[in-house]
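Okay, structure first, notes after.
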Amino acid sequence: MNPQIRNMVEQMEPDIFVYYFNNRPILSGRNTVWLCYEVKTKDPSGPPLDANIFQGKLYPEAKDHPEMKFLHWFRKWRQLHRDQEYEVTWYVSWSPCTRCANSVATFLAEDPKVTLTIFVARLYYFWKPDYQQALRILCQERGGPHATMKIMNYNEFQHCWNEFVDGQGKPFKPRKNLPKHYTLLHATLGELLRHVMDPGTFTSNFNNKPWVSGQRETYLCYKVERSHNDTWVLLNQHRGFLRNQAPDRHGFPKGRHAELCFLDLIPFWKLDDQQYRVTCFTSWSPCFSCAQKMAKFISNNKHVSLCIFAARIYDDQGRCQEGLRTLHRDGAKIAVMNYSEFEYCWDTFVDRQGRPFQPWDGLDEHSQALSGRLRAI
């Protein structure tokens, strides 16, 4: 450790960690930023060569932020280890501000032998366009070095507790809403960084063969439009995709369907009273419970219209059909995806690398057959 660097501590107190690493998306009063770091060689199985903590205030000059303190320390440390390749991991209570994000991007461009993964507890000023652009420059691949940014989940919080907190042997106890807040922040970061889906994931999960089996995940792609002068205007800041959360004793014990994760996300957008149209493209139509909750949402939000295009119809031989009828009766438009919707999703939500959408055998026939089933419902 370098004793000349100020504001470095060996471990933080448990109450400090619990207070500052709270992952509630909107919080006030957390004006100190904590950054826990680990430096490793490219051998991920080895122990960290260096691990410690920086802290700094949000509002003084950027040089006082913990990200800048880390860069100052690391550049000095790096002079003694010039030829090695290193993997650096940060666990940060707030994501970097605009100036810090730009400085980190410059640092990575100057030292391509360093890779950086940033786990953040919360997103800082994520609604500001200049901040969004700075994070995209930092994280998006453009033929050169870039950072990987992720939202802290249970495993990362537990790791920080074990490695950076003076817990006196006590286990980490997550907050009740940690998994829900993680889902919201994960989706928001995906919107901000414009995450895209792997092509294989799309073709596997959105294949519309009626007899497909083994697809236990539901993917939901979405876009939002606002009415302006009798025209629907696409809101690029609210466009992305979600999938259902699998059962997890540290997350959602019973799992959480993609539709419910999406309903959790919408209030986070803070839409005003203008007219909005939300369009979902789902790999499966909603189950009964999700359909009921979506129907309740549009009944309580008359300024939001809902369109659902499903690749396949989910039917558990139970009340799914009743749920779809309720959703339709309460004003939602429900349809089966055809070629144009599949192509739109491919062009918009998939990392297609410039490749055009290639329909699979029977796409049109399956779409027509499923449309007939939906009309009968």
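Yeah, the Cβs are placed from backbone N, Cα and C, and that goes for glycine too.
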CYS97, CYS100 bind Zn(2+) 1 in Swiss-Prot, but which of HIS65, HIS146, HIS159 does that record place at the same site?
HIS65
Listed in Swiss-Prot for the Zn(2+) 2 site shared with CYS287, CYS290, one of HIS257, HIS303:
HIS257
Which entry in the list of binding-site residues, CYS287, CYS290, has its Cβ near the fewest other Cβ atoms, using 10 Å as the limit?
CYS287
How big is the gap, in Å, between the Cα of CYS287 (Zn(2+) 2 binding site) and that of GLU259 (active site, proton donor), rounded to a whole number?
9
Reported in the order helix, strand, coil, what are the DSSP residue counts of the domain 'CMP/dCMP-type deaminase 1' (29-138)?
39 helix, 32 strand, 39 coil
Position of peak Cβ density within 10 Å, selected from the recorded positions HIS257, GLU259:
GLU259
Of the recorded positions HIS257, GLU259, CYS290, which one sits closest to ASN244 (site 'Interaction with DNA') when you measure Cα to Cα?
HIS257
Round to the nearest Å and give the CA-to-CA distance linking CYS290 (Zn(2+) 2 binding site) with GLU259 (active site, proton donor).
6
